[in-house]
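Look at TrEMBL and you will find 265-430 tagged as domain 'O-antigen ligase-related'. The transmembrane segment annotation in TrEMBL covers 12-31, 37-54, 85-102, 114-135, 141-160, 172-193, 227-247, 259-275, 281-298, 310-333, 451-468, 474-492 (among others).
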Amino acid sequence: MFRALLSHKVSIAVCLILIVVECLSFLGYVFDVVSGIFFALNILAVIVLAFWRFEFGVSALLAELVIGGKGYLFSVEMGDYTVSLRLGIFIVVFVLWLIQLIRGRQRLFFSSALFRPWIALFGAILIGIVVAFISGNQAKLLFLDVNGYLYFAMLPVFIGSISSQQEIRRQFSVLVGGAYALTVKTLFALLFFSHETTTGAIRIFYKWIRDTGVGEIVQLDFGFFRIFFQSHIFLVLVLSIFLTVFVMLRNKNTDKKELIVSFLVAVSLLSAFIISMSRSIWAGAAVGFFSFTIYYFFRINNKFTDSLKLAGMLALVGIGSIFLLTGIVNIQIPGRSGGGGSAAALIRERLTSGEEEVAVSSRLKLLTPLVQAILEKPIFGHGFGATLTYETDDPRSIETGGKVHTAYAFEWGYLDFVMKFGLVGLCAFVYFLWCVIRLGILALKKSGTEHVPIILGALLAYIALLAVHITTPYLNHPLGIGYLSLIAAIFITHKPQSHREYGT
C-alpha cells in the first residue's frame, strides 16, 4: 500500500541517523568544547552529500527542518552573531544550487506556474524592507524579522530538485524518517519528564530543548507534560498523506502484516501530534480533515457501510494513541515517579479550557493594539522590525519585563503580514498562496489515478497550514516555508508546467 510512496528502509535509516544527530546535539550542549566540532562535521557531511548528488543535500535540508525547530541543534559563535546549523545548511545548498543554475541546470522553477506569484511575493517582502528603512526601524530587528521570509529563496531549489516521481518518493521517505525521529524524541521526552526525579537531569534536558530552539515543555495535570516542538507541524503533512493513501489504496494488495505495521506507525505519529497540545495545530488539522471528509463523500465513496468501517478504523487509531500516551505516563519504572492520569481526560481539559488560558488571553490582548497599528498605515504597513507594545499574560514575559511586552513578531499570522507590508503586500502574498492551491487542484484533476492520494494528502496538509497560520505564524518561518515548498514541488511534478496551460 505504501511501497510505491516511500522506501521503508530509507525512512528507518534516516530516523536512526537523526537520532544519532540528536544525541550529538545533546553531547555538544553538555560539553561545549565539542559543540563546534559537531557543527563542522554536520556541515561537512552536507557538503559531501550535496556534491555527491545535489538532491541529497536537499534531503539533509528537509531532515533538519523536520527535527530542528528553530535550527539551533548545533551552532557556533562568530563575533556577535550565532550561526545555526540551519543557516549553514541553507548556505551550502543554496550556493551549490546557484552553481548548478549557472551551468544551465535546475531551471524548472522559472518556467513553472509559480514563478510570477513568487516574484510578486518577493515584491511584498521588498515593500516591507523599504518601508522599514523609511520609518527608521532598528536595523537589528529588521534583519531578525525579515530573516525567516528569505527562506522563500529555497522554493526554486525544492521545485528544481524534486521534479520526478522517483525524487518525490525519495524525499517523502526522508520526510517520514524525520517524522519517525521527531516522534521518538517526543515520546521519549514525555517518558523522561513524567518519571525522572533528579532535578539536575531534568534541568539540563529541559534547557537543551529550550536553548536549541526545538520547543517547550510544560507540566500539566494528571501527571502529563506538554511536549511541544515547532516541527510538529510536519506530522500534519505526513499524517494527511498517510490518511489519503490508506483510504484510497487499502484494498489493493495489502497484507495483514503491512496493515499492522501501518496501524502502529499511525498510532505513534498521532500520539506525538496529540501530546504537542497545540490547539492551533489541532484546529488546522481539523480543517484539513473536514475538507477530506467532504471530498470523501462526494468523490471517493458515499456508501454508509464503507464510511462506517473507515470511521471505525480511524477511531481505533485514535484510541490506540490515547492508550499509548496513558501507558507511557503510567508505566512503572523502579526508582522513578509515574503519573496517574488518563490522556483522554487531558485532551478533554485542553479542548474545554477557555479564555483564561494564558496563550489565548495573550493573543486576545494583542489583537486590539495590532489592529489599531494596522489602521494607522494600512496600505504599505510599518515595515519589518516595527514593534508594538501591549499587555500580556505570558509568565515568561512577566518574569523578565512585567505585564507590558514589546515585540516585533506577532501571533496573528495574517495580521502580521499587514503590519509589515500593508494591504498591498498582503494581496501579493495571498495571490501566491492561492496559486499554490490552484496548482494543487489542477494537479488533482489532471494526474493519473495512482497519484491522486499523495496530491490530495498534500493539498489537505496545505489547507491545514493556511488555517494554522491564522493564530500561529508558520508562513514567515523556515518550517512553514519548507513545508509549503515540498508541497508545491509535489504539485508541480504532477501538473502542466507552462503559464498558458495553467492560466496565469
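Positions of Cβ are set from backbone N, Cα and C atoms, glycine also.
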Query - Intrachain residues whose Cβ lies under 8 Å of the transmembrane segment (172-193), provided they are six or more past its termini - result: 5-8, 10-15, 17-19, 22, 59, 62-63, 65-67, 202, 205-206, 209, 217, 219, 224-225, 227, 229, 231-232, 234-235, 237-238, 241, 265, 268-269, 271-272, 275-276, 324-325, 328-329, 331, 454, 486
Report summary line: For the transmembrane segment (114-135), the candidate among 12-31, 141-160, 474-492 having the most Cβ pairs under 8 Å is 141-160
**Report entry** Cβ contacts under 8 Å made by the transmembrane segment (451-468) with residues that lie 6+ beyond its boundaries
**Finding:** 5, 165, 168, 172, 233, 236-237, 240-245, 247-249, 280-281, 283-285, 287-289, 291-292, 295, 433, 436-437, 440-441, 443-444, 474-475, 480, 483-484, 487, 490-491, 494
Requested in this report: May I ask for the residues of the chain that lie six or more residues beyond the transmembrane segment (474-492) and have a Cβ under 8 Å from a Cβ within it?
Outcome: 61-62, 65, 69, 71, 86, 90, 108, 112-114, 148-149, 151-152, 154-155, 157-159, 161-163, 168, 171, 175, 230-231, 233-234, 237, 409, 413, 416-417, 429, 433, 436, 439-440, 442-443, 454-455, 458-459, 461-462, 465-466, 468
Report summary line: Per the Cβ under 8 Å criterion, with at least 6 residues separating them from its ends, the transmembrane segment (227-247) contacts 1-2, 5, 65-70, 172, 175-176, 178-179, 182-183, 185-186, 189-190, 193, 213-218, 262, 265-266, 269-270, 272-273, 275-278, 281, 284-285, 288-289, 292, 296, 300, 310, 314, 452-454, 456-458, 460-461, 464-465, 468, 474, 477, 479-480, 483, 486-487
Query raised in the report: Other than its close neighbours in sequence, what residues sit by the transmembrane segment (281-298), given a CB gap under 8 Å and a spacing of at least six beyond its ends?
Result: 232-233, 236, 239-240, 243-244, 247, 273, 307, 456, 460-461, 463-468, 471-472
